[in-house]
Amino acid sequence: MISILKKLPMAICGLILGIASLGNLFVNEKLIGPANFCGGLAIFLMFFVVIKLVSSFETVWAEIKNPVAAATLPTFTMAMMVIATHLGRWGLHNLGLGLWLVSIVVQFMITGTFIYFHLIKPEVGIEHVYPSWFVTFVGIGVAPVTAGQFIPELGRILLVVALIFYAILLPIVLWRLYRYKEMPEGTLPLITITAAPASLCLSGYLFSFNQINIIFAVAMGILAQLLYFATVLTMIRIYVSVRHSLLKFFPSFAAFTFPMVISATGLFMLFQKLPYTAVTPFFTVLSYVEQGFAICVILFVLLQYSRFVWGLITAHHQESIMKHETLG
């Protein structure tokens, strides 16, 4: 099994993050059964990632040296923060709190490592910037989303950190996507990440404060939805072209999941907090449509990863048979 896990990309943490976050969205909708299923599935998948980390850290270190892969590594700690909330719901509060705090510390360690290896040491141009940088710097925004049952005050502080990083990065990433449109095929799914940070910061804000600034919340909601639809339409345009196909697997497919879930979460929470108006039913329905789309995306990516892992298992089995026949 270890030899198979060595080939399992850390990008799968993005899928785990999406699944665990979908579970939290179900919690907010009082759908406890589906929430528990998502939480359990996320923990099951994360178990194999942890084994990979312990047994073959050298493969993870190789990903750290890769600027594109390294930028998505914080999805590991982001997923752990969300998993911690599921543990808290199940009565394991102290375990959840410990995991949550450790995840925050490791998140900053990963960010520092990325800065050293991919910002300080090399010469960096705008063409080296990818939307996955949002994960590295704004991913800490998961902390305020999950801080409610742990340390809300710390969550509010980290929300400010996430907002500052987002304000700095957004124009840089958008300019990069406008200036250098060509990206390697394997990195194209990372464009989807552009939809996540605004909704993540919005969700963090709504979860962190009972009394909200309506103007700020609505402004963030509008920005989040504009980026969501722009990103979805961009990905549709890319993948309906003859040059690219969703049938060919890339580990970066995991990037499709969390942005869809957190966009639905942000919209749902926004209209739970705002006073009822004539447009509330429309946006409530829209949030459910986005949630349904997020579920479909997660199922698609989960299927793609299942096929990929099954291929690894099959190849390993065939290699074992060939070695046995050779020795025999």
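Positions of Cβ are set from backbone N, Cα and C atoms, glycine also.
Bear in mind that TrEMBL entries carry predicted annotations, made automatically and left uncurated.
According to TrEMBL:
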TRANSMEM  7-27  transmembrane segment
TRANSMEM  33-55  transmembrane segment
TRANSMEM  67-87  transmembrane segment
TRANSMEM  99-120  transmembrane segment
TRANSMEM  132-151  transmembrane segment
TRANSMEM  157-178  transmembrane segment
TRANSMEM  190-208  transmembrane segment
TRANSMEM  214-240  transmembrane segment
TRANSMEM  252-271  transmembrane segment
TRANSMEM  291-313  transmembrane segment
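Here the transmembrane segment (214-240) has Cβ contacts under 8 Å with residues 188-189, 191-192, 194-195, 198-199, 201-202, 205-206, 246, 256, 259, 263, 266-267, 270, 273-274, 290 of the same chain, all six or more residues outside its ends.
Within the chain, the transmembrane segment (99-120) has long-range Cβ neighbours (under 8 A, six or more residues past its boundaries) at 64-65, 67, 70-71, 73-74, 76-78, 80-81, 83-85, 87, 128, 136-137, 139-140, 143, 146-147, 150-151, 154, 158.
If you count C-beta pairs under 8 angstroms between the transmembrane segment (252-271) and each of 7-27, 67-87, 132-151, 157-178, 291-313, the highest count goes to 7-27. For the transmembrane segment (7-27), the partner stretch with the most Cβ pairs below 8 Å, chosen from 132-151, 190-208, 291-313, is 291-313.
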